[in-house]
Each structure stands twice: as C-alpha cells, then as structure tokens.
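**Q** This structure is in structure tokens; I'll ask about it shortly.
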There are 2 protein chains.
Amino acid sequence: MKAEILTILKDTDGYVSGQELCERFGVSRTAVWKAMNQLKKEGYEIESVQNKGYHLVKTPDILSKNELVSIRKTKWVGTEICYFDVTDSTNTQAKSLGEGDAPNGTLVVAGKQESGRGRRGRSFESPAGTGIFMTLLLRPEIEPQNASMLTLVSALAVAKGIEHMVDLPVQIKWPNDIVINGKKVCGILTEMSAQMDYVNYIVIGIGINVGNEEFPEEIKDVATSIYLESGKHVNRAMLIEKIWEEFEDYYELYEKTQDLSSLVKEYDSYLVNRGQKVRVLDSKEPYEGKAMGITDRGELIVDTWEARRLVAAGEVSVRGVYGYV
Amino acid sequence: MKAEILTILKDTDGYVSGQELCERFGVSRTAVWKAMNQLKKEGYEIESVQNKGYHLVKTPDILSKNELVSIRKTKWVGTEICYFDVTDSTNTQAKSLGEGDAPNGTLVVAGKQESGRGRRGRSFESPAGTGIFMTLLLRPEIEPQNASMLTLVSALAVAKGIEHMVDLPVQIKWPNDIVINGKKVCGILTEMSAQMDYVNYIVIGIGINVGNEEFPEEIKDVATSIYLESGKHVNRAMLIEKIWEEFEDYYELYEKTQDLSSLVKEYDSYLVNRGQKVRVLDSKEPYEGKAMGITDRGELIVDTWEARRLVAAGEVSVRGVYGYV
C-alpha cells in the first residue's frame, strides 16, 4: 500500500484526501495515517492539512523498494524488485536469483555494496548513499555468442538516462564505461550463465557514481560523479527509472536482430574517442590507430595506417593517446 | 589415510605388512586394524593373515572419495574431489563451488542424482548404483566463444575411456552424446559462467549409464547401458579415472590452439553418422544432407545437394535418416 500511496501523492499536484485513500484501499483512517507517518520517517516531506488531506512537499533522494515501485513506468524491467540497504554485490545476488526461478526483468538494487566487483574480479568502490548499484536479471531467448552486445546496449541506456537528469556531455568509452568530461562515472559488468547453445540467464550490473563529493587521491584523475560534474544532486531512484525506460527501447531494437545494427549510429554518437587516435593494448602487440566507430556486432573499428582492424569487446584495452579516455 | 592404504593394497600383489603401515603413517596397529575394518565395511574384500599382513582380494564396484583418490593417476583433474552419495545435480554443486574459490580441476561425483538435468533443463534419469554422475570444474584461460568446443573434447574422452573398459564399438553422436550400437549411453552438459571476454568458470557434467539392467519402456529403444551392450559389470571408479586421463591429453591439445584442429581426425573417426544421410532439424527449415565430419571449431559439416553447410553445435538437432542416431 505504501508504494501505491506514494504514487498517488506524486501524481497529485494538490492535496489527496485521507478519506479517498481509505476507500481506495479499504482501510481505516488510522491505517492511512500510520502509512503516512512511516513515509515521513523514511524521509518524505508530507504535509497534512485538516479538511484538505495529504500533500507531498518534496521527495528527497531516497532509495527503497517503495520509492522504486512508486515511480516505475517500465513495461517489464523491475516487475520484481529486490532492494538491499547493504549487500555483498548486486551481481552475486542476481546470479543467485538466476539459479532459482526469479523471472526475466527482476531488478536487484542496493544502497551500498560491500564487495562490489568490476571486470575480471577487480574490486569496485561502493560507498553508501552516493551511488547506484543495481543488476538486471535477463532470461533472453538469444544465442550465447550474442550476449556480450548487451553491455553496449546497457551503456547506451545509462548514457541516455543520465542525460535526462543533467545537462552534461555524457560519452561512452568503448565498450562499457560511461565518462563525463573524460572521467569515468559508471561501469557495467555483464555476466552470463550459459549452455552450449542456450543462455540460462544474464545479469547486467551497473554501478554509477551519483552524489560522491570526492574520490580517493589515487583515482580522482580518472573517476568522477554526476554531482562533481554538474553541481546537481540527482535523485537516484528517478535516474534508475530513466535508465530502464531507455533500456527497454534499446533492448527491443537489439532483440529483433540480435545485434546492434539499429543502434550503431546512436552508439557511435556517444563514442568518446571517435575519430581520434587510440592505442589498442592487444595481448600480443599494442598498436595505434584511429577509432572509427563500432560494427553491428559491437566490435570497435580501428583504422591503422596499414589496415582496418576490428577489436572484439574486452579482448583488449583501448586508451586515448591523449589523456585517460 | 584410508585412501593411501587402499592405494598401497592395490599396488601390492602379495601381502602388506601391518607393521609397515604403522611405520609409514606413524600410527598404532589398532589404528591400522580399524582402518581395514572400515574398508571391509565399505565393501572391500580384505584378507588378513597372521605374520603376513593384509591382502586386497577383490575391489567391488565401489564409488567413494577414498576409492577415487586411491586410483587417481591424473595430473590435475580431481586434485580436489567432492563425493556425494546423493545430490541434487553434480552440475549445480560444481557451479556453486565455481562461485566460491574451488580450484581448477575440482571434480564432483555422485552415486545418485535427484534432479539431474540434461540440455535446456530436460530431466535426466539418475538411478543409484548403476551410473556415473560427475562434473568437472574448470577455470580455463580461454575466450568464452571457445568454450562450447569443450563438450566435444569431453565426448572424445568418454568414448576413449569406455573403450579402455570394454570391447565395444563406441561412437559419438555429434555434438555430445555417446552411443553404442545406435543407442545413447552417455550425455554431456557443459555450462559456463562468463563475463564479456572472460570465463569465470566452466562445468562439464557427464552422466553415463553403466550397470543399468533395464530401461523404462518409453526410452528403451534409444537408451542403453555399458552392461546391457557388453554383458560386463564395469568398475565405475576405474572408468572415471580412465575418462579423465584421456581428457587431460585431449584438453592439452585443445588448449594449445583453443580449437579442435588437433582433434578433428580422431573425433571424426568416432562420428556415428559420418558419410551418411542426416536430417538437420533447423529452427527455420529442416534439411537433409550427408554428414562429412566436423570443422576445427566443432561445427558439423553437412553436404546438401546444393551446398556445403556448417551446423553450429546445439543450434539444431541432427538425426540419422535411418534409425535414431
């Protein structure tokens, strides 16, 4: 009921009558009053005026299941939401749900991660109250070899989602980092459980630096937050909602062809090093070339003076020759 | 100590002196006597003769951690063995070990599976005492897209392993079933947990019908056991050992090139429908052709009257036009 009351409060400009809420949910005035008090305790500023009813003055930056449910407009992402104030890692939780029978679209969100992981098991800083840590569980009807492109689909959704909230030049560092003004603001870790020809499930983990006011010395040249770049305190729940709304649209295009043919243009428009010199840190021999964009399969096209080369996502690390990105 | 005593008993033709065992393990005669009694209880026929010592008369078909450890000759497979009399599914157990820090080469073996699974979640019959149910955990340094070939590597190892035990025409039904006289005797289910470019772990699950004396009416035309085909009761622990010895050799060849280029010839020699007409049950349109062998990547080469087609493992089902296989 609390999430539904929240939705009604948010959708109403003026006052919501207590009597109406009683009738709608078939509960007593005391029950409504109690729910309002709980919401106030959680941090919502709710004004109650005799003979008029309740009014939501302000929604602070609250991350909770109720908050996420109350603003959800997505079609299938987040029909199930698992929220943790603190968890080890949302990917770990989502994989465990994947081994069970959690449905496609289940969303795991945490206020804080205690052992967040980046690619190849690198640790990932996850302080409380400042970031978004979430993982989407998918059970897609796709072939395992097409799964890695989902990371690029997700990167697009995050970039577009952030643009909804702040007026900043959001870019993608191929394949799966989101950067603002040359510094990383988001990382994405896609993991898959698969049989030879069959995907058991996929989890897409997304970590975003939202409200961080500073970073440790050793990473502050390469990491940033939305707050640091924009000076704005962005509502995390709303950003989450925007990202998954965008994701659903992009995913639909991806799903039709099981490749990125419909998304190449848009992805390329976000590509941070496009048209610039990059160094590809191949496992054999590093080389330099100009990053031209991506292919339908999500490979990075790099033109060297000898030939056009296609870089498969993740095989290598790509660096701008000038600066970090 | 029990596994080591077993190894000594097995490696000794005559009698093993109790005194020698005491000295070797630094324990009392009573401790040795107790260990012998436990082994007898587990089913080992051990003769003890005053002033001569202990002699292993016969090893019945016992599946246990001690038995497996006592005969292990592999280099790295099975350095850790998890044995269950009964478990849900050895793949489930191995995946759970994979999420933790179990080492490469960990082997899960069960006497009976309660919810064994075949490909795409199909259930798999796992009665007690008659079969081999095991799963190998790998943490290979390979690219995710090369993982599915491991199923074919494993199929080779199983075929060769069975040949060590019985004189039967063992064949492989591409990609991953082992058949004898046209009936299925073994299924293999490979599963993987991966990131975009990085394999977290792979589990290779192998189920073999060894001692089954009959099969339910509905599958007896397509399923068989080593016993039914050979009339021989094969020692399961020994068969397991032989399979992984073969696997290590094949795996070494696979690992060098991360493909099957060194194994194509041998695989083709086991291929049940080679040179014969097969029907490929493509998801779009079934077609017929002649199965010619496999490619370096493990695809099945099918020549139709129009063209040569490559069938990717698992995308489709291949049936012999005449009979089941």
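Note that Cβ sites are derived from N, Cα and C of the backbone, with glycine treated the same way.
These figures come from a predicted structure and were not determined experimentally.
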**Q** I'm validating the feature mapping. Which of A:18-37, A:158-177, A:218-237, A:258-277 is tagged DNA-binding region in TrEMBL?
**A** A:18-37
**Q** For A:Thr90 (biotin binding site), name the DSSP secondary structure in the helix/strand/coil scheme.
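**A** Assignment for A:Thr90 (biotin binding site) reads helix.
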**Q** If you run the three-state DSSP split on A:Lys184 (biotin binding site), which class comes out?
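**A** Where A:Lys184 (biotin binding site) sits, the three-state DSSP reduction gives strand.
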**Q** Relative to the Cβ position of A:Gln113 (biotin binding site), how many further Cβ atoms are located within 10 Å?
**A** 26
**Q** Limited to the DNA-binding region (A:18-37), I'd like the whole-number average of pLDDT.
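**A** So the average pLDDT across the DNA-binding region (A:18-37) works out to 89.
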**Q** Around the Cβ of A:Ser89 (biotin binding site), how many other Cβ atoms lie within 10 Å? Please give the count over every shown protein chain.
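**A** That number is 23.
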